[in-house]
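In what follows, a single structure is set out as structure tokens and then discussed.
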């Protein structure tokens, strides 16, 4: 049975990757269908009710700069906002928001329902239809066939998902949802390498049974940050506190006593878990010298009593979970409303993807999110946007696009995955980026919004706001560079009390701002120097561009050198055995990874600069030198 309409792009899955993919393709004008097993869970936050953080907040800002939904939904759902690393340099500052699960889901669903060119249909997908190495559609569990030119698969943890609590386990995509068994079996038939990963979640606690007076209160920031470049503090709902407590030796003894019934330590779970978000049993085992671990007590929303105890993800049996929770200060009488669990699921080796997130072996089939071995809403959303965008570009007969490592954290994410692959759930950190001084949260729109407009991702309202901001920044920078103060100026007596060293020679306003004791707002409040910019984001941009101009220029020069051969393309059908001078080890690695560019090849472990030189000579001799998009 065939559906009565044909689509340009079909997106399978309605999580963070799927929603961004569907919205991106539809914004670009492609007739798009989003298929989900349950309309009510579109935009569901399956684990931690929070968005952003170190590295992750950078991805959210980039999604937003390209017109995505995650940051906007967070502004409407965020019940506590904080800027992490606020005392450090701008490169590592990151916005994090605690979110109300219900409000976040509602906002995402509202955005989806009002998006032109997008249809939503409730059915689980059981089959991917491939003809002559090209995807042509999907078939749902009731046998309904949908045709499309491109398919974006965002199956999350649902592929052959298995939930573990103690030594008991059962099939599931997440708690309360069925797994995708038939689709997982079908995908294993495709020529793409497959593995198993594991992730977990903590038990949820009834807030009415917690003694918060025994814990440390953690309030949000004042003034309140916003997540979206289009956001405003007026969008935020009521703001509330989180709380901090700790495990103790009694907690650790309870956990050690239950390890014989842990699915992780009894060999029941085969999948590898996330290194940077370990279970509490993993923490006790790996950091046996520590007598306590911090736990963040995070409300799940304004209209629920459920609490997310961030830091005690576990798959131990329920009785052990209850005992360990009640051993923690402030939770002596706590009641669990949902048990913690681990989930194992299939993922596919991202080295089998192009940097457009299209599979190398099946034309028109794109993968995004946890199916590629990542962990986290933000990583999923970034991949979804990129995959949906490239699916739309392909349908339109246009070249694929992916930002380079020096252009966006999205570029770092995709390059790491498609070049190096991953054997454990991949999480973004600022430390993964070589050029993080240029890849800041604050300039994500300056880096990406113009490209997003060119691609058709950015609407008129965002473009108008961005253009106005850019113009105000440029005009203010020109003003600071062109206005000067002389030692005999009547402004000097007003200015000198604010300076460590008094004015002794002619100086521009820009030079004054560059002084370490001066900041933009302080300078603008001094008589004769203001009023300055009213927009705090534009003002912040002016300050950073002035104060860090030397560092930024040096990093840009490094990038210009590195980019010279970065985008030199390598044919996917190139047999490296035919390249004279390469060692057997290098040949094996290049034939296994099939890098798309010289830049990707250079980042594969064991590929030497000499091997790269040999490749460049070979390409030149064969007339194969080309630049990728």
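Here the Cβ of each residue, glycine as well, is placed from N, Cα and C on the backbone.
Note that the structure is a prediction, hence the values are computed from the model and not measured.
Per Swiss-Prot, FAD binding site is recorded for 13, 14, 15, 16, 17, 18, 125, 180, 370. Of all Cβ atoms in the shown protein chains, 34 besides its own fall within 10 Å of the Cβ of residue 17 (FAD binding site).
Within the same chain, residues at least 6 positions away in sequence whose Cβ sits under 8 Å from that of residue 287 (NAD(+) binding site) are 293. Among the features that Swiss-Prot reports, NAD(+) binding site is placed at 273-287, with the record citing sequence analysis.
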Spatially closest candidate among 13, 17, 125, 370, the listed binding-site residues, to residue 277 (NAD(+) binding site) (Cα to Cα): 370
Euclidean distance between Cα atoms of residue 13 (FAD binding site) and residue 273 (NAD(+) binding site), Å: 22
Cβ neighbours within the same chain of residue 285 (NAD(+) binding site) - under 8 Å, at least six residues apart: 259, 265
Reduced DSSP assignment, residue 277 (NAD(+) binding site): coil
Nonlocal neighbours by CB distance (under 8 Å) for residue 281 (NAD(+) binding site), same chain, sequence gap 6 or more: 255, 258, 259, 262, 264, 265, 314, 315, 316
Set of same-chain residues at least 6 away whose C-beta sits under 8 angstroms from residue 125 (FAD binding site): 12, 35, 138, 139, 140, 141, 180, 183
Alpha-carbon distance [residue 275 (NAD(+) binding site); residue 13 (FAD binding site)] in Å: 26
